[in-house]
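Please read the structure below before turning to the comments.
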Amino acid sequence: MSLFNCISNQCPLGSNFGSSNKLGSFGAVPQLGGAQRRDKSRNSRSITAYYGLKSPPYKLDALEPYMSQKTLEVHWGVHHRGYVEALNKHLAKKDVLYGYTMDELIKVTYSNGNPWPEFNSAAQVWNHDFFWESMQPGGGEMPTLGLLQQIEKDFGSFINFREKFVEAAITSFGSCWVWLVLKREKRCLAIVKTSNAINPLVWNDIPITGLDVWEHAYYLDFKNDRAKYINTFMDHLISWEAAAARMARAQSFVNLGEPKIPVA
Amino acid sequence: MALRTLIARNPLRAAAPAASRGLQTFSLPDLSYDYGELEPAISAEIMQLHHQKHHQTYITNYNKALEQLDAAAAKGDASTVVKLQSAIKFNGGGHVNHSIFWKNLAPVRAGGGEPPHGSLHKAIDSNFGSFEALIQKMNAEGAAVQGSGWVWLGLDKEFKRLVVETTGNQASVVVLILHSTPSVSLSSQDPLVTKGASLVPLLGIDVWEHAYYLQYKNVRPDYLKNIWNVINWKYASEVFDKESA
């Protein structure tokens, strides 16, 4: 008897069935903790857990002309789906990984810098969920209110932040991600570059928004013109709404208002 | 016809002095075949972008970094010299690797895809069991590279044997920027010699996504399977014979 509904691939045009809380973790919730299914055909009564491919919160052509439908079809439908399937294959083989939430799974398989093979799949599933939700049709422009204030506090101005973010993305070597994170210890925003599948969760920081700078993210639309892709993302795709929501939630975990009391 | 410059030059030796100090700069080497001649294994579109855009960008940035290095060294600016190392390693590595890569490829009319004979063939058999086994191994390792990188067939001069190596993004690398320029060492364009000082590259296959994406999308294994049809074993044999003498 299954404890959760078995949720598999979703209709791209449908609503996010089963994911009631978009902000369940810092960013995307793949499914409600995965589904369980008891395999009655085997004597050992093993349990398999798996994740489903979550669709972006917009139709695949909604980001045109800034990110083509073709790109989304391949990037989401093939790459992202491939990571989900690889993850499920891994989880089926490794009982010790059963029961973790996605965030925990990423931290555990990262294993403090010596990642297990499962890490790549798990992290890339999370990264891409986070990425789709970091964009929206009619995105771009500027953040407002509290998030803008925090950016101005930590970077001087939004222009400066934008410059630094774009520079980080342009100068990243190879397959990378660029993030705006809220550093938990330092209690400030920062820009972080990571390579391959690594994301800020592994250092227990809180991602606010992110950009995929692997070549597959932009090659079909921009060929080698990475700078144009990055600027297009900043000008037309980035969802400051999503970022603000993540920031709001982050503030329940990081006290940004605490005054710095000088030690006498 | 592919773009060809009028002067033949060794691309891995600098072309013309730039500054008054005599700093040598580098320029894009020619291909000895047209962009379309490697079809259907690699499309003309990919070859042109790969050569004229990606490789050229590595060269441009390498020259820039060298100029900056020169200026910083002249001023005794040690921290800038150190900060430039990653840009030099990455862009210089990209230039070195791609220069070898163009020679590793040849159209079928020029012997592309024809397996090696002679001493290299013997060495492959003794090191890997068979030619097919080597192909399989390189395909498997190439497909397994996460992110961006290269798969190499190299000659280990010290131990006099052939090896298959990969150079690629390492999962543990990260950069944090707050208010300063980042300094990072990523291996995705590292030349083979970074894996071992005695290693000489015979064959390299670029498995960065830009090398195959427009044609193969994410199906890197298909790219690896097909590229053997245009691999220039003549060049690899020449290098092998020269370096193992």
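Cβ atoms here come from the backbone N, Cα and C positions, even for glycine.
Quick caveat, the model's predicted, so the values are computed rather than measured.
Taken from TrEMBL, the feature domain 'Manganese/iron superoxide dismutase N-terminal' covers B:25-106. Mean model confidence for the domain 'Manganese/iron superoxide dismutase N-terminal' (B:25-106) is a pLDDT of 96.
Other C-beta atoms found within 10 angstroms of the C-beta of B:His98 (Mn(2+) binding site) number 25, with every protein chain shown included. Per TrEMBL, the feature Mn(2+) binding site maps to B:His50, B:His98, B:Asp206, B:His210.
Annotated domain 'Manganese/iron superoxide dismutase C-terminal' per TrEMBL: B:116-175 (among others), in sequence order. Helix, strand and coil content of the domain 'Manganese/iron superoxide dismutase C-terminal' (B:116-175), in residues and according to DSSP, is 25 helix, 18 strand, 17 coil.
Under the heading domain 'Manganese/iron superoxide dismutase C-terminal', TrEMBL lists B:184-238 (among others).
The Mn(2+) site is set by B:His50, B:His98, B:Asp206, B:His210; from the centre of their CB atoms, other residues of the chain with a CB within 8 Å are B:His51, B:His54, B:His55, B:Phe101, B:Trp208, B:Ala211. With the fewest other C-beta atoms within 10 Å around its C-beta, B:His210 stands out among the binding-site residues B:His50, B:His210.
When the C-beta distance to chain A is held to under 8 angstroms, the binding-site residues B:His98, B:Asp206, B:His210 reduce to B:His210, listed in sequence order. In the three-state DSSP scheme, B:Asp206 (Mn(2+) binding site) is classed as strand.
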